[in-house]
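Pulled from TrEMBL:
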type	residues	note
BINDING	Gly95, Gly96, Leu97, Met98, Arg117	substrate binding site
BINDING	Asp118	Mg(2+) binding site
Amino acid sequence: MKTRLFTAVVGDILDTLGYMHQFVSPAIKPLDVNTVVAGRAMPVLESDVYETKSTSGKTAIGEKPFGIMFEALDALKENDVYITTGSSLRYALWGGLMSTRAMHLKAAGAVLDGYARDSAEILELKFPTFCHGTYAQDQGPRGKVIDFGDTY
């Protein structure tokens with residue numbers, strides 16, 4: 001399928017079927033321009049975090065700093081595409097370690113409505129990653145995965 005179809009044709013077919021809003025933002029581009037991804041969507045909802053201390057006195061990063069991101073990542077199945085949205089552009093949503101884990105789980109790729117980090121590592125791994133660009137700032141104290149897995 002990846003070698004015979006291309007984005008514009010898939011979009012035209014979806015339009016014909018009545019699915020008129022099925023494209024991601026044109027700001028989302030592959031890290032490697034020769035990359036193609038196809039698979040089952042595994043939606044992930046990210047949210048910004050602005051607190052610096054909780055009521056327990058610990059910093060936000062010390063209390064499950066990534067929300068349920070590890071659970072979302074571990075829920076990937078073969079040929080799944082990790083698709084995330086919901087956050088601002090203050091930090092990266094994906095990186096090299098996540099790519100390594102996703103590859104181990106045989107995921108097809110990642111599509112981020114935000115940035116990726118560790119781009120050299122991701123490119124070396126040849127893991128299909130689509131994003132707004134690269135930004136090294138970690139999501140840890142800035143954002144958390146709050147839901148995943150259902151079609152929204």
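Even glycines carry a Cβ here, placed using N, Cα and C.
Curation does not apply to TrEMBL; its annotations are automatic.
Neighbour counts of Cβ atoms within 10 Å were compared for the binding-site residues Gly96, Leu97, and the top value is held by Gly96. Put simply, the two farthest-apart Cα atoms among Gly95, Gly96, Leu97, Met98, Arg117, the recorded binders of substrate, are 10 Å from each other. Taking all protein chains in view, 26 other C-beta atoms sit within 10 angstroms of the C-beta of Met98 (substrate binding site). Within 8 Å of the Cβ centroid of the substrate site, not counting the listed residues Gly95, Gly96, Leu97, Met98, Arg117, the chain contributes Ala92, Trp94, Ser99, Thr100, Ala116, Asp118, Glu121, Ile122. In this structure, the CA atom of Leu97 (substrate binding site) is 9 Å away from the CA atom of the residue listed as 'Mg(2+) binding site'. The DSSP secondary structure for Arg117 (substrate binding site) is coil.
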